[in-house]
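J.: Once you've had a glance at the structure underneath, I'll fire off some questions.
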Amino acid sequence: MGGSLLLISVSVLFYEGVFVDRPEASVFLHRTRRANFLFEELKRGNLERECMEEKCSYEEAKEIFALPQQLEVFWRMYTAVDHCLSSPCKNGATCTRQVDTYVCKCSPGFHGSNCDKARLASNGCRYRNGGCEHFCRDHPGRSHMCFCAPGYSLGRDNSSCLPQENVVCGRPLIQFAPRVVNGQTCPKGHCPWQALLTKDHQYSCGAIVLSDQWVMTAAHCVWGKASTVYHVIVGEHDREEDDKTEQKRRVIKVVIHQAYNKTSSDSDLAMLRLHHPVKLGHYVVPICLPAKNSTFSRTLATVRYSTVSGWGRLSQHGSPARFLQRLELPRVHPQECRLHTRINKLNITKNMLCAGLRTGGRDACEGDSGGPLVTRYKKTWFLTGVVSWGKGCANENLYGVYTRVSNFLGWIEDVMSTGRNGTRPTTR
C-alpha cells in the first residue's frame, strides 16, 4: 500500500517537473543514459531501459502513469519528434516546435522555409519597396539604397524618413480623417495640396501645390490664353465664403508640356509659376512627387486605392461643388481601361492611367480637371495622377482618365529648376 502511494506521488512529481516546461521535457527525454536516478530507484531496468534507451510501448507507459490524463500528455510528447533539435532554421532565425513539424521565424533580410535565402540581396527594391519608407534604388552588384523626399532625412535604420522642416510634402498638419468610401466634403486642411485655378476671376479648374511658388494643372485648362488671365487660390475650402485661410496669387508663367496633344489629350500637363510665394502651413502643404530613376512609381501602382479631390460638378449635369470634395477610387489595369474607355480618337496612351468603378457611380467630373489623384504609402501622400478627361461622369463601363505623373518627373524637375522645357516658357 505504502509503495503504491509512493509511486503515485512520484509520478505526479514527474508529470509536473517534466511537462510544465516543453524545452526541459525535450532535453530529458532525449538523454541517453544518465540523470534518471529517480526512475532507477523506482523501476530500475524498466522505464530507463524501455522508454529512454530503447523504445517504450504505450502499454508499458500505461503501467507507469496511473492517471489517464498524465498518460496521454506523456505519450503525446514522447512520440512527438522535436525537429528544432537539429537547428534547421538558419541566419539567426527562431525555431518553434509544432506537432510533427517546425516553423522558422526569419531575421530581417532573410526568407524561405529555413530562412536560408537573403531576401533583399536577391530581390532588392522589388520586394516591399526594399523596406524603404519612401524611395528605393537598386545598385548592380550590391545592396539597394533607401532615400527620402525633399524635406526629409534618412533615419538611423537606413529605411525610415524623418521630417526636417515644420512643413514637409505629403504630410497634412491636420490629422487625416477616416478612409473615404463615397464622395464627401474634404474637411479643411485635409487636402492641403489642392488649389483652385480661376480664369478671368471665375472658377475654371483644379490645380496642385508642388512648392510655395509652383503649381501643376492640366494643359487643356490653360491652353490658348495668356497667363495674365489666371490666378491660383490655395487654402480654399468654401468657394462662396471667405474661409480666412485662402491665399490668392497671380500666375506669371505658364509652361505646357511640349508633347501635349489637344486632340488626343496625351501629355496633358502644365506648370504654373506664381508671382509671389504662398505661405505653407496647416492649410497649404505641397504634395510629394515620386523620385525619378527609382522603383517607387511601381510600388505606388500596387496600392489599390487613390484619392481624387476638387470642386467639380456633383453630377453630370449639376453645378460645381461649393465645398471641396474628395473621393477614393480603385486603380484600373490599363488593358481593362483601354477595353472600355475608347472614345472617338481618345485612346488610352502610356502617359495615362485610369481609376474608377466599372459599375459607375463614383468618378471625377467636369471642373475637377487639373486636380490631384494622390496615393498614400505608409505615412506620406504622393501625386500619381492629374485629372484629365472622361466621358460624362461616373457612367457605367467608362473610367476616369488621369495623366500619369511618373512619366513626367524629369520634365517637372527641369521646369521647376529652370522655368523652361514647354510650349510657352516665357512670361505673358
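Here the Cβ of each residue, glycine as well, is placed from N, Cα and C on the backbone.
Please treat TrEMBL annotations as automatic predictions, because they have not gone through curation.
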J.: Looking at TrEMBL, which of Cys106, Cys125 bridges to Cys115 via a disulfide?
T.: Cys106
J.: Can you work out the mean pLDDT of the predicted model over the domain 'EGF-like' (80-116)?
T.: 78
J.: My understanding is the cutoff is Cβ-Cβ under 8 Å with a sequence separation of 6 or more in the same chain; which residues meet that for Asp268 (active site, charge relay system)?
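T.: Spatial neighbours, sequence-distant, of Asp268 (active site, charge relay system): Ala218, Ala219, His220, His257, Tyr260, Val386, Ser388, Trp389, Thr403.
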J.: Provide the number of Cβ atoms within 10 Å of the Cβ of Ser369 (active site, charge relay system), excluding the reference atom itself.
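T.: Looking across every protein chain shown, the total is 25.
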J.: Would you count the other CB atoms within 10 A of the CB of His220 (active site, charge relay system), including those on all shown protein chains?
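T.: A 10 Å sphere around the Cβ of His220 (active site, charge relay system) contains 19 other Cβ atoms.
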